[in-house]
Amino acid sequence: MSQSLIVALDFPGKQDVEQFLRHFEGEELFVKVGMELFYKEGPAIITYLKEKGHKIFLDLKLHDIPNTVKSAMRSLASLDVDMVNVHAGGGSSMMKAAIEGLEEGKQEGKERPICIAVTQLTSTSETMMKKEIGIEKTLEEAVAHYAKLTKESGLDGVVCSTLEVPKLREVCGSEFVTVTPGIRLASDDVNDQVRVATPKRARELGSSYIVVGRSITKAENPLEAYKTVKQQWEGVTV
């Protein structure tokens, strides 16, 4: 199964994760562990998932002073996760410090984790960005600005909406990693994300990775839902 498809393990605890993963016995997935699960279970959940053979995107969106982020990333790299992230709004010094921490903490003989930055959350509308955050750019301009800053700071890519991918390819080049959440099957509810797309649309727009949560985790048959998403994402029959 494709490892450019990331399954969001948005569960409150390990018991729910274990129950969900029973549907995928023998499969090596790329999974996302977010704040709720990591703060509840700690590094033990990472160890458990690695022992099961899964790749891990640890989605903690670090945003602090450079020295603190550097130290935190050093610790996260020692867990042997595959992808981590920060908020681009933390600035270039913070992002450069994140890379330094990952290099220092990576396990011997292994590459450092992929490091990406959040430009704007997928729940952010342009009206919200201007009125509440105080950024007087269009949403597209703000995302492109942060993506360029991210690349200049030495990170591998960004978390962004699928709708922003074509513009970011222009600004940052074809090798720049774009990780796109807010992915839903056409039959699903949008829920709390404003800028959403289907797996097929994400493929057409050129996303590097897609993150899918509820469409798979809340499905009556998670494995079949996973295969449906994979088929739409890769454009092949499974």
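The backbone N, Cα and C atoms fix where each Cβ goes, glycine too.
Keep in mind the model is a prediction, meaning the values are calculated, not measured.
Residues or ranges marked as substrate binding site in Swiss-Prot (evidence: sequence analysis): Asp10, Lys32, 59-68, Thr122, Arg184, Gln193, 213-214. Under the three-state DSSP scheme, Gly213 (substrate binding site) falls in the coil class. Other Cβ atoms within 10 Å of the Cβ of Gly213 (substrate binding site) number 21 in total over all chains.
The annotation active site, proton donor is assigned in Swiss-Prot to Lys61. The secondary structure of Lys61 (active site, proton donor), as reduced to three states from DSSP, is extended strand. Lys61 (active site, proton donor) has a Cβ environment of 15 other Cβ atoms inside 10 Å.
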Assigned element (helix, strand, coil) containing Asp10 (substrate binding site), judged by DSSP: coil
Neighbourhood of His63 (substrate binding site) by C-beta distance under 8 A, where only residues 6 or more apart in the same chain count: Val69, Val86, His87, Gly89, Gly90, Met94
Winner by Cβ contact number (other Cβ atoms within 10 Å) across the binding-site residues Leu60, Pro66, Thr122: Thr122
